[in-house]
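**Q** Once you've had a glance at the structure underneath, I'll fire off some questions.
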């Protein structure tokens, strides 16, 4: 009997690659539900191929259009956050993959976990802003399976080990497209240039985050919650080749690394086949062809977003909520050419400076602070 899969954000980068992997594993999985924002054309193609029982469009108008397009099919079309929560909570789901981008992913994450579903988490913002709310679920083995390549690597490396055996986690960062670009030229960076990631095929927002190193900062906070490690035990190393996805140093000072080609289909597949490994679509890694691997310390003067993320995580409470919300607004402003690339961390820092931390937030607190930070960030971007 095939297992049933729900994919939130099926038209995005992780979502489309998930469906590609699922086609490779079609003897094991079937699609129960898919969701998208407003890409009706692509989700129609996905619906006709995978024949899900449910489809969700965040955009109400797009939902109406999709209903019309699929009038010859039996799939039920839902809309909005209510629709996302509904499909995240389906009892018959064997796995819910949250591949949404941004804070919109939090409520579906909470819904999936509260309903008892296993969660494949690519939406790092769920943990960044909601870590205090959902951390109790993270202690249940196999309930949250990380999709991010770095956290998926650590998840595999820690298999068979307990927290007391871990000395530190080492997250690798490519350094993005501007690793060697002088800081004084950041103000001249174009959106087109920032969207050219040297190694990974990702969506627009996460590619910009990679260019500022904010993506790695968000991943540090995510790792803190996923693996129950204090921030001083989570290090970042710049590794331009993106061959080593992460490392773990144990108390005996041995270091184990997870390596492979820069292909998101590998961690996605592991989430779908956990705890087994099967043949994948990824290219075999040939180290002799590569020839060398390089490493360097991240420059937090040149890339202050990483430092801001550490500060937000260490301050805790609602500060990571502010960090994430301000970053989303600043990145959007840059992508719409309202601010220059170098102003992204400036906006974030100014909003963080104005925040009064709530130390033990509930879901309502998180939503309220998220809204406040977005409004404040929009004000700040208008002043830059």
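For all residues, glycine too, the Cβ spot is worked out from N, Cα and C.
The NADPH binding site annotation in Swiss-Prot covers 11, 12, 13, 14, 38, 123, 125, 203, and the record cites sequence analysis as its basis. Per Swiss-Prot, the feature 1-deoxy-D-xylulose 5-phosphate binding site maps to 124, 149, 150, 174, 197, 210, 215, 216, 219. Swiss-Prot lists 148, 150, 219 with the feature Mn(2+) binding site, giving sequence analysis as the kind of evidence.
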**Q** Taking 8 Å from the centroid of the Cβ atoms of 148, 150, 219 as the cut-off, which other residues in that chain fall inside it around the Mn(2+) site?
**A** 124, 146, 149, 151, 152, 171, 215, 216, 222, 223, 246
**Q** If I take the alpha carbons of residue 125 (NADPH binding site) and residue 150 (1-deoxy-D-xylulose 5-phosphate binding site), what is the distance between them in whole Å?
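**A** Cα of residue 125 (NADPH binding site) to Cα of residue 150 (1-deoxy-D-xylulose 5-phosphate binding site) measures 15 Å after rounding.
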**Q** I'd like to confirm something. Which of the binding-site residues, 14, 38, 203, has a Cα closest to the Cα of residue 150 (1-deoxy-D-xylulose 5-phosphate binding site)?
**A** 14
**Q** Ten-angstrom check, please: count other Cβ atoms within 10 Å of the Cβ of residue 11 (NADPH binding site), all chains counted.
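**A** A 10 Å sphere around the Cβ of residue 11 (NADPH binding site) contains 21 other Cβ atoms.
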**Q** Note down the number of other Cβ atoms within 10 Å of the Cβ of residue 12 (NADPH binding site), including every protein chain shown.
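**A** A count of 24.
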**Q** Would you list, in sequence order, the binding-site residues among 11, 12, 13, 14, 148 whose CA lies within 10 Å of the CA of residue 219 (1-deoxy-D-xylulose 5-phosphate binding site)?
**A** 148
**Q** About how far apart, in whole Å, are the alpha carbons (Cα) of residue 148 (Mn(2+) binding site) and residue 124 (1-deoxy-D-xylulose 5-phosphate binding site)?
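**A** Checking the Cα atoms of residue 148 (Mn(2+) binding site) and residue 124 (1-deoxy-D-xylulose 5-phosphate binding site) gives a distance of 8 Å.
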**Q** Work out the three-state DSSP category of residue 150 (1-deoxy-D-xylulose 5-phosphate binding site).
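**A** It is helical.
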**Q** Tell me which of the binding-site residues 38, 124, 197 sits in the most Cβ-dense spot, judged by other Cβ atoms within 10 Å.
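**A** Of 38, 124, 197, the one with the most crowded Cβ is 124.
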**Q** If you skip the near sequence neighbours and keep only those at least six away, which residues in the chain come within under 8 angstroms of residue 14 (NADPH binding site), Cβ to Cβ?
**A** 97, 99, 122, 147, 203, 264, 268
**Q** What kind of secondary structure is residue 215 (1-deoxy-D-xylulose 5-phosphate binding site) part of, going by DSSP in three states?
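**A** Reduced to three states, the DSSP call for residue 215 (1-deoxy-D-xylulose 5-phosphate binding site) is helix.
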